[in-house]
């Protein structure tokens, strides 16, 4: 069998899991929607149908103080059971199991009635928590147990008690957030009392034939965080209190070390889980950046853990496990760890989806149905939008011919994949290459198509992308001026002193590329831990190395410039932008806003900064100043009476946006 460790059953005593895969908890935003139960039922059922052994729901609060935001989802009353039963019945009909995550967000709750062990404000929240009294703590423990009881009545197979990531239970555990002097604070035995009593109360309420997962923070990655000795002590106490499984938690939300984004190596933290092996007899789950069945199987086969948690990979591909088990791993749409359509959406109050799979969490809104009228369609441009349209339209029965002027598919993805930390884009291109074969798309590369050649098609989809915008600066045609395509696509030589005009996504990518000192650590776990100051020995509190970050300096002197007076990189993703800024600043890259450009000549780039004229004596000026749509074919086709659709950068080119491009291409393909 392929991946024998991954597909081995796991005996929990009172029940058996059919494989070693936990679909980790993700808040989708549907938990608060009026029709959320039906949409979540479809979302989870599709994953259960394709083999997930145990699904964990998005976080549900046990009471009003624990919600993530005002109006957040709770399970604290029997009247809410029918809503949840819709979900559990759908999962069970597909042969899966599902656990409800009980999440009290503590001082991370973004509403004015938040509570915590101590009245200490989180650095990522404007609200200050109320310090819980002894009586309130006892009531909270009962609220957790009540929530678990209601979950059982609603048909859930278990619960996950969320004890990591800096949420309430985690806040009781560390001196960073617990400054109490009563029985709930002080020494570690007191600080862990709340976590243990919650698990004990839940077990007493639900009986012995019900799964209790405890999500244990094994690596806090914050100052004054927990130690490994404390982790062992807590794990043993949690086992004694009645837990069934221990899941790994990595990093608090306020930590300034990346834990799930693309620059994090695959399986980067399974070594943390392995250190707990032998200290408890419960099955251990490891997590974070496990996006590939081979990586998962390797982790299990070498004994790092008993199960793997994969969350975002099931946004990217609901069929991940069934494809792996049936020998079709090359058809898996791999999670690239970008966060652009999942976490970044949740943090602005939108529904989760996935950059590489826009149907995720929208299954009921985007059904895949056979085409009513099969058409002969031309797609011009094999970038993200064109690829997404082509394979989805062909899967519905349309005859699709995909043209591209270049020698390989991918468009801007071929730029992105070269950026250190974005190597996962190779997987996306592998997926599209394979699906072109599977769906029967006719691919014509090295083919600059004309309007006349498109006359025979029923409709044309223009996904012809963008052309870089050339800003009106005197001397813009000077030999030292390069576009980002010259650098990233054509590999033009670049000197040691560089000015980058533009601080959007492309500007940051170009800076990451030009400032990279040697091999990227996104493929090297030890190197990654060293660069970001993670103590691999786990001897230091919080898992932080005494030496701190060791990000090496750039081999080039680079300055990034933008006209806007706002913070450079302000438009980058909420959950990943800080990683790029931190990395570049640590490498010595300068970022200057509010710049006026005067001219470019042999002396360099002439600018005005804070009212002062300066000459930046650089070897090269790299232009990353936006894009214009490439619509050359649109008007001739329209003039000839043909139906034309514009998608991707060809439609809107303000910023290169793969999330929008793939979603637009997919939606059109499902409608045409």
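Using N, Cα and C of the backbone, Cβ positions are placed for all residues, glycine too.
Annotation note: residue 167 (active site, proton donor) sits in a coil segment as assigned by DSSP. Long-range neighbours of residue 167 (active site, proton donor) (same chain, six or more residues apart, CB within less than 8 Å of its CB): 103, 104, 105, 106, 108. Residues or ranges marked as active site, proton donor by Swiss-Prot on the basis of a curator's inference: 167.
Marked as FMN binding site by Swiss-Prot: 25, 26, 27, 59, 101, 215, 289, 311, 312. Neighbour list (residue 25 (FMN binding site), Cβ cut-off 8 Å, at least 6 residues apart, same chain): 56, 57, 58, 59, 101, 103, 160, 162, 311.
The substrate binding site feature in Swiss-Prot is assigned to 176, 253, 254, 255, 256, 567, 578; the stated evidence is a large-scale study or a structure entry. Secondary structure at residue 255 (substrate binding site), taken from DSSP and collapsed to helix, strand or coil, is coil. Take the CB of residue 255 (substrate binding site) and look out to 10 A: across all protein chains shown you find 21 other CB atoms.
In the three-state DSSP scheme, residue 342 ([4Fe-4S] cluster binding site) falls into the coil class. The [4Fe-4S] cluster binding site annotation in Swiss-Prot covers 335, 338, 342, 354.
The secondary structure of residue 657 (FAD binding site), as reduced to three states from DSSP, is coil rather than helix or strand. Within the same chain, residues at least six positions away from residue 657 (FAD binding site) with a Cβ under 8 Å of its Cβ are 649. Under the heading FAD binding site, Swiss-Prot lists 340, 385, 404, 412, 422, 449, 649, 656, 657, 658, citing experimental evidence as support.
Annotation source Swiss-Prot lists NADP(+) binding site at 340, 563, 564, 654, 655, 656, citing experimental evidence. Cβ neighbour count for residue 340 (FAD binding site) (all protein chains, 10 Å cutoff from its Cβ): 21.
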Residues that sit under 8 angstroms from residue 422 (FAD binding site) by C-beta distance, when 6+ apart in the chain:
262, 336, 416, 509
Cβ-centroid neighbourhood (8 Å) of the [4Fe-4S] cluster site, 335, 338, 342, 354 excluded:
312, 315, 316, 336, 337, 339, 340, 341, 355, 356, 357
Pairwise CA distances across 25, 26, 27, 59, 101, 215, 289, 311, 312 (listed as binding FMN) top out, in Å, at 20
Once the chains shown are all counted, how many other Cβ atoms turn up within 10 Å of the Cβ of residue 564 (NADP(+) binding site)?
13
Could you tell me which three-state DSSP class residue 312 (FMN binding site) falls into?
helix
Sequence gap of 6 or more, Cβ distance under 8 Å: name the residues on the same chain that satisfy this around residue 578 (substrate binding site), in order along the sequence.
256
